[in-house]
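Reviewing the structure listed below.
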Amino acid sequence: MNKVFNFYPGPATLPQPVLETARTELLNYRDSGMSVMEMSHRSKPIENVIASAEANLKELLKIPEGYRVLFLQGGATSQFFMIPFNFLTKDQTANYVLTGSFAEKAYKEALKTGSAHTAASTKEEKFRSIPKLEDISVSDNAAYLHLTSNNTIYGTQWQQFPQLSIPVVADMSSDILSRPFDVSNFDLIYAGAQKNLGPAGVTVVIISEKLINISAQAKLPDMLKYSVHAEKDSMFNTPPTFPVYIVNLVLEWIKENGGLEKMAARNQEKADMVYQVIDQNPDFYQGHAISDRSLMNISFRLPNEDLEKEFVHSAEKVGLVGLKGHRSVGGIRASIYNAMPVEGCAALAAFMLAFRKTH
Ligand code: PMP
């Protein structure tokens, strides 16, 4: 097969051994005589898959007692409104740190529900960094503070997280499981699966029991209540069984490959290869982030758009695919999640050097 290095931002590259296991098990899941896709969500094998995915996440993230793990649908985007729907009461204000367009989208959804405050923002400087912790100013009567741990489009990533007495909520869609962090600093963490966790179609929510039963809006549909999903162990309606099955295989792959410490070290090594080329050729490659550079998404520009088009096109010809930047930043974006092999980043760095030499 003609395998390429896939730099798409999400859905994104998956570990090769995960795809191979899925292929082996596709028609006959562990001697059941049927595919996982065909099994009832109430069947024992699927119950086991979901329980295993939850246990693996708890182990890898060292999730303390007092948290629940939920497998929901509707993407990270549905969390943008579920969070204020569930936690923002009339007399409170939701607080948002604006570090990119997904953070802004979350903030705008909160504004539709009630009062929302910008606790810090780097919009003025085109989201090229993360605010300093001391510059975050939380409003009175804050329901929670929302942040986006990694900014997929701009290529910035929080290096340290605030420790506050109000609930802290984090969108970790594009860097969950890429490094260790202390879950106890957060009351809710959510992530669409299609970057570091698996295929599109499932959203992982880690929620503290403190928050689960807060019901800010009396008339919410059951489908939008965390309490209902928690009470029914993610089986309130049919969960996305096949995506959860793949997520579980990805979690097992991470465990077999040394857990989050190893992922973090490998991610650093991979990102360094690309950043080094950018830093050593400042007249040709300009990184979008000026600090807090992301180990997951590297966004950069070339001297002009024609060169950028040629870069993407020539890279594709040598099997480096998905490098076109997001339209709001332009240029190039290399998404190098956990499953991107070291060889992929080495190939990209070599290509960048060769391209620079010939242009
Ligand atoms: N948050 C972040 C940080 C993202 O990168 C994305 C998707 N690229 C989203 C939210 C939206 O996720 P979804 O498409 O799963 O709703």
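Positions of Cβ are set from backbone N, Cα and C atoms, glycine also.
The annotation in TrEMBL ties Ala76, Thr77, Phe102, Thr152, Gln194, Asn237, Thr238 to pyridoxal 5'-phosphate, and of the candidates under consideration, Asp135, Asp171, Asp222, the one tied to the same site is Asp171. In this view, the densest Cβ surroundings among the binding-site residues Thr77, Thr238 belong to Thr77, judged by other Cβ atoms lying within 10 Å. Taking the Cβ of Asp171 (pyridoxal 5'-phosphate binding site) as reference, residues of its chain lying under 8 Å away and at least six apart in sequence are, in sequence order, Ala76, Gln79, Phe102, Ala103, Ala106, His146, Leu147, Thr148, Ser149, Tyr190, Ala191.
Our reading of the pyridoxal 5'-phosphate binding annotation (Ala76, Thr77, Phe102, Thr152, Asp171, Gln194, Asn237, Thr238) yields a largest Cα to Cα distance of 30 angstrom.
Ranking the recorded positions Arg42, Lys195 by how many Cβ atoms sit within 10 Å of each one's Cβ puts Lys195 at the top.
For ligand 1, the recorded positions lying close by, meaning a CB under 6 A from one of its atoms, are Ala76, Phe102; the full candidate list was Ala76, Phe102, Lys195, Thr238.
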